[in-house]
């Protein structure tokens, strides 16, 4: 009825609104009444109630008005005539993973959401993935974004059509109503979202009576931290910390929050307090506003209208168009912009929540419609400057700024063209940047960034992205309008570059060091931002010859206008070798010089493009360009870099060194260093070669030096000249040899990349990521590596660690150039060393020849004239002459190396020309000049080369000189004969080669002779050794010291037989314990010592830690109380092994005294170390192993095994009397007697053994001391030192395991020692099982040493503890096997882990032998029987436990019913009878198989335990994995004195076990457990869609929200993050988490300690990708996953964290507890 009434009201009301003369007024009147009643009326609002009222009272009525009928019916009709949209439009949240196709995306900003990507063709292409910064949207369906496959299968309309409006027109009346409603509501939303504090409600919305109800609203800003806001709120609005935290979290998320409701006066007081309190902390007060309750209500509803609009728009394209029409229609008031512009212009003043709603509205409306997108783009461009200025002054991130929408508009190719043509967007963007940077201009109109605001400057740099977006897609067709507007924009851009040309000039510092380092980062930040933009402008220009010529002329004109021209002084004449150079004087070392020359470099780029396209031929008056003038500044820049390298500018500080580094670094070199080289090559091609070289000498300040008109004895000056000469020769090598630029020579971009890769790989084999870093990327973030890498390199896959490496192919090494111009100094050295080493290994000479370069293009072909002009010959002669004179200070080897390379380049050029043309046609005559000039004085280049060959200090260059001289001969032959033959060239090299061959042969002969000599000596020594052994055979046979300790020697055969017979660890047939003398070396003092019970203690480093590795109920850790009540743990370990105590060791041994001294020293020194507490916890006794730096927190004393020769006869006699029932009776009586002696009437043991012996035996009753009659002996005595170490270790195990204060007298100390022994064995057995390794023989030495030491330490606990306590523990544990009705707190069979019980019973039973006055322990035979009977009882109890808890019985192939199967059926029947529970109807063999499978881990653990306890050698079958599981089971049973058919135990011991079975099965706890259905506790999974750092627990698979304030929880009264809280319950404080979006593993050890670890995901190049930095597709690597699993299983997480923290020097502690 209510529903029908609501429907009627809504329709009637909407009809009234529709029929009203002024629908707008009626709608607003209704909102005025309803909105304040729904929102902000109550003091404590209920969000759910608000939502329901809003739907029923507001949205329903509005939808009735829209559809003109019931909304459901209207919607159904609408859906029938419409198809779904082709566009996806999903708006990305921050951190969401997005995908881009490298093959098909028009540009890198085109991305797909995960769902669309999975259903698209791009999944099989080369794609990249990265985390979104938020604010973008999915481009699926946008045909302009993709070359192919624009739609996924969900959004494909059947054919990939253009982004057109769907054929889905609304009825005219519906469209009219929609327009009318949207107009009213969008005006309403706009008014309230652009609301100012001092505004009054409009007349239509003014309430009749104005209540005195106000809200004090606090807004988010980025100046104040969380803690500051919490502090302020606590002191200002009287809220507690939890409330303040809630307020702060919501303010951060939504952007604002009402922190107080009250009268105007109280709100004003709160506002003043907040402002004053926040000003104390930060200079800026928090933004606080007081809003009337009605205004607050309307604002809340305006925000809710945003999602409602999105929902309505999604119904139909018609609605979307109506909305866009309203949003973009011009206002009646011409001065006021359209509604969407008003919202955009107010964006920076809106709070975060409102911004998000506006942005999402724009996304789902205007950006989804082509025409409206264009109109919106024009509006956006119109207001671009104002929006950017607002953004610069705003403190919020760009992802929530309206300016971030530029990427959605400017990257659309058609829109970008239209915006250039219609709104000249390039000019708009450049003008905006110039306006914002104008404050940084100096008097010369150049930028000067001293004292700039880095935050503001960073925001300005973001605007460069918009310019890059506009230029991403160059036009294929140029219109006149596009040309005109582009050139206009380009001129403005040149205006920006003009302000950078020559900025931040530096002048060399003389005398004293510079006082203050000048600012340089800002200039280079600009340069890095402009890098791609400059390349894009050049790319655009190259696509049209007319534009290219215009751009070149404009660029040249602006360069000529620059007011820092070099020619302020008059030109002077300079003479050298009869050549005259007429240029103005200038010295880089004395006058100002700038590294920033963007216009000169752009001009060089455009010139090469003109040469490449052929447009150079259309250039007017080419002779009018003064190339000397054009090259001047780039040359100065190169000289500056050379002088810095020569350490002439040391006093100018690090800033200049950094600038030169970036100038040549891969980040900047494309548009800096490379372009300077280009400009010098242009000048070299146009100038007279002699004049060009003279100019270079002049600017390098070497002109007088090479002219012979200056000399010096100052060592520093000579070193400078030498270094400058090296740099000058290097520059010449580069100018002549670097031709891999399209336009300079006929090479492609692919050739250029190949050459770069070859040279990087010549340094060393590299990972893919290292190659990517070494290569420069284009504007699409592509480097073209994939297309060339297989041609030049081979890939070597990685192992379990490390990464895959590329190695250069041998056939590509001929392209190696040791003076490659992109090598840094260190790279040059490494590459040279690496290649020389390779050549030596291949038995080649060490000459690193210059490679044959590609031919220059015609425009640059004259550059080679540099190599044969007079000046170069003069330079080379001077350099070689200095070496020939061998005056150490006047030359360097590097100088000669460069000179030889230059000569090699010249000879190769001449050889190439002679081979391609006739001698007469070749004008290149280097070899002739090199032989002729100076030959009359014996100082020609050729003769000097022959002289320096003999210089001793040039031994390393000997091979290179040989090669150069050979080249001279080859060229000579080519000149003498027009077509030189191969034989001729061979003949010329023959003398050299034959000499080389002789030298090699001689070396080989000597090596072989030495080898033969060594073999002869070894044979002689071996023969002498054999003779000595033969002659002293008796001595070798009678050596008691060596291992046998004086026992009678037996033959090998009999030993083996005995060994086979005695591979039994317990019972009457147990093997003897061999006497092994163990001598160990202390790692601290290096002294050897034998491990002996009475000697000084030797200890093993160890780490004790709580562990949940084996838990079956993750997240459920048992508590333990200090009084021992309330829970059976640690006396009984539950079968789920919820938490255990693991003791591991790195296996290093020390003297106890040495360790104590070391530990004290560590404590003293570490306290003073920064953040030492992050690595080791001194308070808890942690230290790093002195040798391997493993984390340790205790030491385990080494206790030797007691040698034992077993008396089998005695054992057999005793065995006849000491049967299981008799043994049970004796033990029961002994316990009962001990209790009466000690008068212990504790509630836990009261009356506990009254009925134990009833019906269990038929012989005469034993008395209190019967137990002693089967053999006793004195207990072992240990030295005080060992006893002390026993206490140290036991106390640590107790403290760590129970997380309690250290207390060596606590009765639970021995329990924890036994528990750690059992748990460590179980953990090791689990590892061996998982890795499919044999039980024995496969443990690492450190694991084996640690295990043996732990078992012996646990066994020795009873000697140190109170015997009464141990007896009580034995009694309590034994109570599980012999339950008595009167006992309390004894757990049932289903509540105990039987291996822990076995260890506890075996290690505590000797305490029963204690007499009042005498310390006794059982003899070897007694112990053997005790162990045997305990094991038999525990095994049977465990079998029953398995049977009662199993539901998954395996299907066993049918066959004969074996005896084992029959015994299993019999046991099942008995159990069913006692429990009243039917065992599932399965075969006996199936039951037997299930029980054996469940029993196997227990038996394997027992075998490890008894092996370490007794030292008896196990059967050979347990040393191999090739033995069948049946064979291994039989070997285990044999070793443990169990029948191979374990069910036989129940038959062998039928009499005593029958009543026990009844008691075991009849326990109330068993009955209760069998009725209930036990469920595994699973960790809860977070469902928050806004998680910024989703994190996966690798232990249990729980999804957590890390580093998020919303997920903080309390742990021991302290705030901790979700991961820390989870690790406390899931991993006992240890955690291993995968941070999914960051793609890295986090290891956690405690609240303060953690470290990151590589994730097990690798890309195709065998590398991890933390934070998805590279974005390559990742795949799980099974080997690394296995290694990660082992890290956990082997309890190495603590150790890994300590190691990583030790390596990394922690300066600032990371708050791991907040993760």
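Including glycine, each Cβ sits where the backbone N, Cα and C put it.
Within the listed segments 805-826, 827-848, 849-870, TrEMBL records region 'Disordered' for the stretch 827-848. Per TrEMBL, the range carrying the annotation region 'Disordered' out of 951-978, 979-1006, 1007-1034 is 979-1006. With DSSP classes pooled into helix, strand and coil, the tally for the zinc finger (86-157) is 9 helix, 15 strand, 48 coil. Residues of the same chain lying 6 or more positions beyond the ends of the region 'Disordered' (827-848) and with a Cβ under 8 Å from any Cβ of it are 759, 762-764, 813, 816, 818-820, 956, 959-960, 962-963, 996, 1000.
Using DSSP to sort the residues of the region 'Disordered' (827-848) gives these counts of helix, strand and coil: 15 helix, 0 strand, 7 coil. Taken together, the residues of the zinc finger (86-157) have an average pLDDT of 83.
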